[in-house]
């Protein structure tokens with residue numbers, strides 16, 4: 001295949017990790033209170049703990065220390081917490097508090113009432129940001145070079161998406177198994193035991209692959225200069241990250257994507273429901289939408305290698321915001337100025353609303369496919385030239401905190417607009433303006449990051465060349481006679497240091 005064996009020994013285990021780690025563990029019914037007021041604080045708490053642990057543990061110990069509690073929790077939930085939830089959940093206390101405090105405290109009390117289920121949801125949410133983004137992507141950034149990343153990072157997404165097919169069929173198989181159980185048998189408890197057993201086995205397989213790569217694969221050497229960095233406390237690390245333009249630009253990319261996609265998707269779905277009020281029509285359209293998204297993502301993942309090789313990191317990083325900007329202009333234009341375009345659209349058998357739905361669908365399809373095939377690989381490649389300390393702590397801060405912050409930021413903007421203007425439809429013009437500002441800031445951060453990324457790569461290559469040159473310089477004795485011949489062996493050996501003049 002034209003790929004070195006050493007590269008395959010790194011890439012194949014990484015691809016398997018991305019396959020094994022992709023599992024859906026959260027319910028489709030997400031409580032906004034739980035997402036905003038429990039998940040985000042826990043993400044911030046994890047980031048602080050991770051930063052502290054990275055100061056005292058080796059990279060290998062840090063990996064196992066983070067992933068093993070997740071594996072243990074999912075196993076305990078399937079075999080202990082769920083089967084015995086009647087003993088763990090304070091249902092009676094929650095009922096009394098609800099009666100005393102009133103229905104306005106229904107959200108917080110519901111979390112207390114079924115705390116183990118809520119904890120399962122939070123752990124499943126953190127699994128994606130912690131295990132996938134911080135641990136496995138972080139490990140990939142440590143052991144691959146930028147050139148290898150351009151070739152293989154987009155393909156890792158294929159492993160994760162293929163895994164969704166297997167995980168979906170697995171869930172469906174165990175769900176159908178419940179139909180054949182006798183009356184009085186808790187079929188969900190049995191299905192959950194099987195599925196959590198699979199999660200535990202996959203988690204242990206990830207640990208085994210991590211151990212194998214670290215034990216048997218020679219890892220790339222980084223510049224020695226980048227390894228020498230003073231050990232900083234948690235607060236010093238956070239201040240350092242906040243003062244780094246490189247980390248700020250990376251954070252801007254992640255937060256801008258989260259806010260942009262949230263603003264667009266919610267506005268589009270409101271128009272989609274207006275166009276297809278029937279649940280069957282809505283479901284049929286979303287099925288076609290999912291299929292088109294999968295095809296576009298697969299195609300973009302194959303094209304992304306060519307884009308990286310021909311145009312480089314900077315162009316690849318700007319494609320996702322550019323797609324969002326161009327399709328966003330078309331989408332919001334059809335919403336705001338659809339009536340004058342009505343007669344022209346009728347010639348094609350479409351109303352302005354249907355045209356907006358189709359353009360919005362194209363926007364979501366291409367922005368998500370660009371995100372998986374270009375935005376994610378670009379973001380991960382940007383960590384590779386950084387020193388190990390900034391790479392570990394900066395990635396934890398961005399992936400664990402900024403990612404949910406972007407999603408929550410989009411939701412908060414929409415809530416503010418709805419409260420101010422009365423409805424999502426009335427606030428659409430202002431949401432379009434906000435989207436324009438955010439995408440332009442995103443493009444500016446991508447341009448700035450491209451300059452810094454290129455400079456870091458050149459600096460690293462220069463330092464490596466200097467280190468290789470220093471190794472190749474021969475040690476020459478300063479004891480040379482007038483004829484230009486080197487002195488005797490005894491005199492040569494007596495000179496243990498090389499004069500700078502001879503270098």
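Every residue, even glycine, has its Cβ placed from backbone N, Cα and C.
Automated prediction, rather than curation, is the source of TrEMBL annotations.
Database features (TrEMBL):
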type: TRANSMEM; residues: 61-82; note: transmembrane segment
type: TRANSMEM; residues: 114-140; note: transmembrane segment
type: TRANSMEM; residues: 152-171; note: transmembrane segment
type: TRANSMEM; residues: 192-213; note: transmembrane segment
type: TRANSMEM; residues: 250-268; note: transmembrane segment
type: TRANSMEM; residues: 289-307; note: transmembrane segment
type: TRANSMEM; residues: 319-338; note: transmembrane segment
type: TRANSMEM; residues: 430-449; note: transmembrane segment
type: REGION; residues: 482-503; note: region 'Disordered'
type: COMPBIAS; residues: 488-503; note: compositional bias 'Low complexity'
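Sequence-remote contacts of a segment are chain residues at least 6 beyond its ends whose Cβ falls under 8 Å from one of its Cβ atoms, and for the transmembrane segment (430-449) they are 245-246, 248-250, 252-253, 256-257, 259-260, 263-264, 267, 314, 317-318, 321-322, 324-325, 328, 332, 335-336, 382, 413-414, 417, 421, 424.
Note: the stretches the transmembrane segment (61-82) and the transmembrane segment (192-213) are in contact (3+ CB pairs below 8 A, sequence gap of 6 or more). Sequence-remote contacts of a segment are chain residues at least 6 beyond its ends whose Cβ falls under 8 Å from one of its Cβ atoms, and for the transmembrane segment (289-307) they are 150-151, 154-155, 157-158, 161, 315-316, 319, 361, 364-366, 368-370, 372-374, 377.
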